[in-house]
């Protein structure tokens, strides 16, 4: 009777005779057909699959089962069209294999176990996703996330938002390329320190605006080069202090307009070299105080503007009158008397005055 019942049961459930209804341990041998992008997973070519050998309860190869090739792996989360969480187990990893419908031609991997593998450090409350000891990401018991790799991390998105109370970025080198506009808003103070050099370049305009003060300080040289016009406007006072030499060169014209008073102080010599004409107009009085004053010119004019009185012509005329008076004295006679005995001396003075008059006439403007 027992034999008859067993025969009926095995006929109805043939998987019982081969033990296919039981989960078994198996060892991963290889990944033989890794999927490419968009490659379909089919029954006879699942692609996301591994080659397995079934083990005995003692962990040895079970010769009663063949080597199963391309046994499908489970997708732990998010399985869809080109979607889900995928990762191949390494050769040697232990898996649990089952048989759908109890059929030997429907093997599948139910779970993957790390027996025989070295494990990463994971404490109670931690979560870790690790590829190797140096490539992992995880969260500790306190909720702190860590992501580490010895290679590259690439993020690509249409929009990106990152929010934090405090942010610390530390790089050996950095290249940031922004194809359109960039705007940065800082609610407090921003400090930018460059231990080497700081270079700011703009293919268009560059504007630096501050509601409060703007301060520039350097312990060495400062060079300012302007290709075209330069405009500088000070709403109140302007102070310029040069502790060494100061040199200004204008290849074109220079115009200086002072609405109030102007005070100029020179501790040493003052030399002014004008290649053309020099005109100075003073509406009020002008006072020159010096130990010596030297005026050197081909001609000199001192006097009132326009056709007014001129000093040097007036002196020349005065000298002419003196010369004539001396000459008249030298030759004058009283009622037919002879000229004075010193008439020659008087006439010599007249000649000397005439010579001085001629000299002054050469410089009179």
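Each Cβ is built from the backbone N, Cα and C atoms, and glycine gets one as well.
Taken from TrEMBL, the feature domain 'Gp5/Type VI secretion system Vgr C-terminal trimerisation' applies to 212-288.
Per TrEMBL, compositional bias 'Basic and acidic residues' is recorded for 248-259.
Residues or ranges marked as region 'Disordered' by TrEMBL: 248-278.
Within the region 'Disordered' (248-278), the DSSP-based counts of helix, strand and coil residues read 0 helix, 0 strand, 31 coil. In the predicted structure, the domain 'Gp5/Type VI secretion system Vgr C-terminal trimerisation' (212-288) carries a mean pLDDT of 89.
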